[in-house]
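Enquirer: Okay, here's the structure, questions in a sec.
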């Protein structure tokens with residue numbers, strides 16, 4: 001008769017050497033997975049760098065093509081090339097600055113100012129961008145802003161004779177002319193006040209009943225005032241007396257006794 005006994009665990013049958021082999025294989029698989037992850041990250045980084053480098057090269061190619069078109073005065077086509085380049089490298093301040101110059105040649109002042117502002121925003125240390133911005137602002141008549149832009153450009157590159165002799169000097173000359181024109185305009189402007197020109201005086205009908213009645217009332221009042229005159233007489237003792245006298249037959253008191261004051 002077979003005796004009853006507890007079943008042994010399966011793991012107890014696995015030898016120690018076999019267990020170590022399993023652990024080693026698991027570690028190798030883990031290292032391989034980590035290596036694969038690392039390789040994937042490195043490969044992704046390399047692909048990104050390659051893509052960026054390709055974008056830069058293509059952008060530079062489009063920039064050069066646009067510059068060639070601009071030299072041949074094919075401005076619209078040049079702008080299209082630079083817009084394509086900006087899609088690849090949106091942080092390139094030079095593209096915005098070149099685009100602003102071409103827009104100035106096309107007399108599109110507002111877009112030119114906007115493009116120059118974008119160039120300054122991308123690279124505030126570019127004196128070319130500040131110079132182009134100042135010229136675009138002059139095109140809009142913003143002389144004060146243009147002078148400020150030229151001064152910033154000179155602060156970055158103080159040895160540039162073009163900024164001194166052409167840009168800043170011309171802007172200041174325009175500013176002086178603007179001040180003279182304003183002074184002349186202020187002198188020629190008529191003073192504010194009621195308009196007394198002949199055209200502003202209403203044409204009254206002096207033979208109307210209303211005007212005749214008013215004139216008669218004024219004449220009657222003047223007649224009554226001239227008929228009676230009032231005199232204030234102050235005696236030597238200081239007594240004040242008011243006397244109404246007629247125009248005809250009036251007599252003046254003795255000057256030795258009274259002092260007459262009107």
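Positions of Cβ are set from backbone N, Cα and C atoms, glycine also.
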Enquirer: Check each of the ranges 17-63, 64-110 against Swiss-Prot and return the one annotated as region 'Disordered'.
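Expert: When 17-63, 64-110 are checked in Swiss-Prot, region 'Disordered' belongs to 17-63.
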Enquirer: Counting only residues 6+ away from its ends, which parts of the chain sit with a Cβ under 8 Å from the repeat 'TPR 1' (59-92)?
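Expert: Contacts with the repeat 'TPR 1' (59-92): 98-99, 101-103, 105-106, 122.
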Enquirer: Given the model, what does the mean pLDDT over the repeat 'TPR 2' (93-126) come out as?
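Expert: So the average pLDDT across the repeat 'TPR 2' (93-126) works out to 95.
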